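Chemist: There's a structure below that I have some questions on.
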Amino acid sequence: MKLKQRVVLLAILLVIFIFTKVFLIDNLDTSAANREDQRAFHRMMASLHVELDPRLDHTLQSPWEIAAQWVVPREVYPEETPELGAVMHAMTTKKIIKADVGYKGTQLKALLILEGGQKVVFKPKRYARDYVVEGEPYAGYDRHNAEVAAFHLDRILGFRRAPLVVGRFVNLRTEIKPVATEQLLGTFMTVGNNTCFYGKCYYCRETEPACADGDIMEGSVTLWLPDVWPLQKHRHPWGRTYREGKLARWEYDESYCDAVKKTSPYDSGPRLLDIIDTAIFDYLIGNADRHHYESFQDDEGASMLILLDNAKSFGNPALEERSILAPLYQCCIIRVSTWNRLNYLKNGVLKSALKTAMSHDPISPVLSDPHLDALDQRLLSILATVKQCTDQFGPDVVLVEDRMTLSHL
């Protein structure tokens with residue numbers, strides 16, 4: 001064999017060796033990543049049920065200090081949280097030392113300060129569990145139970161980007177009115193035998209108060225994020241116009257995602273994949289109202305999209321608002337870890353897991369059975385959407401590996 005032929009043969013063999021090695025390494029890495037995803041899923045399932053227990057035997061810190069230390073740029077709370085029950089117990093039992101109107105927004109809420117100085121947002125009950133909100137997918141009042149359910153779904157999906165939420169009953173006459181600011185107190189009234197208030201917000205009206213059952217009001221409390229982590233508000237690239245007859249660009253331009261990918265912070269970093277995760281989360285809960293979103297300030301796109309304000313959810317179990325999934329089906333990308341988790345949750349596992357996770361809550365049952373059934377049906381729609389993408393572009397393009405090491409040191 002001539003020297004030139006030998007060189008060519010060696011070159012071919014070298015290329016084959018390199019490709020084989022890369023292929024094997026990639027397969028090993030993917031397999032290892034998939035095994036870790038499966039282990040993480042089993043850890044989550046094992047810790048689903050959270051007992052609201054006040055004991056913190058292994059630390060002298062307060063529940064508020066513990067929860068504040070959990071927060072890092074990519075998580076609100078860590079995967080393993082043995083103190084979660086104690087923090088949530090404090091949220092639902094600690095004495096209210098001050099009550100004020102809620103922070104600015106469109107919906108009724110109250111800002112409470114609990115013993116120890118911890119802020120929480122209280123959202124009152126407006127609907128019975130089986131009430132169906134008709135009309136647009138973003139219609140109706142906020143649903144307090146939706147906030148509770150959305151928090152536990154965040155746990156189940158492994159995102160850990162939603163602030164802690166738990167149900168709570170408050171006595172408006174003995175717990176709220178004595179510590180209420182004049183601004184909040186001025187919105188209290190009595191309707192029949194029930195104590196009511198209407199608060200201060202864009203849509204708050206004296207003619208549409210939230211009323212307790214006598215003096216006892218059911219609601220949800222959301223833990224305020226630590227002040228050392230100021231928030232930055234962003235317009236959601238797939239936000240709606242909320243104007244009849246006027247469509248947003250994403251609603252008529254199928255190539256819209258290509259334009260989004262060229263703009264900061266979606267041109268690099270994890271933010272676009274966070275948008276995709278959030279679209280999946282919102283589709284499952286039926287939330288079509290995420291016109292803006294928050295991240296931590298000055299993060300240059302590196303921190304997570306925080307799953308705040310999930311109360312416009314679980315309004316109509318029969319409605320599947322496919323447009324919520326637009327970021328997914330227009331961009332046709334999804335995190336491998338998210339894809340794996342969704343597959344682990346099919347065949348009724350999602351409904352069962354969420355029901356178990358919420359069973360400890362003081363306002364349980366949190367959701368009606370039709371809403372729980374709807375979750376499993378919507379999950380099938382998400383899986384079918386990803387399959388359409390992989391059929392069109394191939395799994396190597398659609399399934400994106402994006403795992404970030406998280407630190408709670």
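Indices start at 1 and increase along the chain as displayed.
Using N, Cα and C of the backbone, Cβ positions are placed for all residues, glycine too.
Bear in mind that the values here come from a model prediction, so they are computed numbers and not experimental data.
Annotations for this protein, taken from TrEMBL, read as follows:
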BINDING   Gln107, Lys123, Thr222, Leu223, Trp224, Leu225, Glu294, Asp309  ATP binding site
BINDING   Asp142, Asp309  Mn(2+) binding site
DOMAIN    188-397  domain 'FAM20 C-terminal'
ACT_SITE  Asp289  active site
Chemist: Using the alpha carbons only, what distance in Å do you get between Asp142 (Mn(2+) binding site) and Thr222 (ATP binding site) once rounded?
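Modeler: So the alpha carbons of Asp142 (Mn(2+) binding site) and Thr222 (ATP binding site) sit roughly 13 Å from each other.
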Chemist: I'm trying to understand the geometry here, so how far is the Cα atom of Gln107 (ATP binding site) from the Cα atom of Asp289 (active site), in Å to the nearest whole number?
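Modeler: On Cα coordinates alone, these residues lie 12 Å apart.
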Chemist: Measuring Cα to Cα, how far is Leu223 (ATP binding site) from Asp289 (active site) in Å?
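Modeler: Answer for this pair: 21 Å between alpha carbons.
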Chemist: Would you work out the biggest C-alpha to C-alpha distance among Gln107, Lys123, Thr222, Leu223, Trp224, Leu225, Glu294, Asp309, the residues that bind ATP according to the record, and give it in angstrom as a whole number?
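Modeler: With Gln107, Lys123, Thr222, Leu223, Trp224, Leu225, Glu294, Asp309 as the binding residues for ATP, the largest Cα distance is 19 Å.
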Chemist: If you measure Trp224 (ATP binding site) to the residue listed as 'active site' at Cα, how many Å is it?
Modeler: 21
Chemist: Of all the binding-site residues given, Leu223, Leu225, which residue's CB has the most CB neighbours within 10 A?
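Modeler: That would be Leu223, with the highest Cβ count within 10 Å.
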Chemist: Provide the number of Cβ atoms within 10 Å of the Cβ of Asp142 (Mn(2+) binding site), excluding the reference atom itself.
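Modeler: So the Cβ neighbour count for Asp142 (Mn(2+) binding site) comes to 26.
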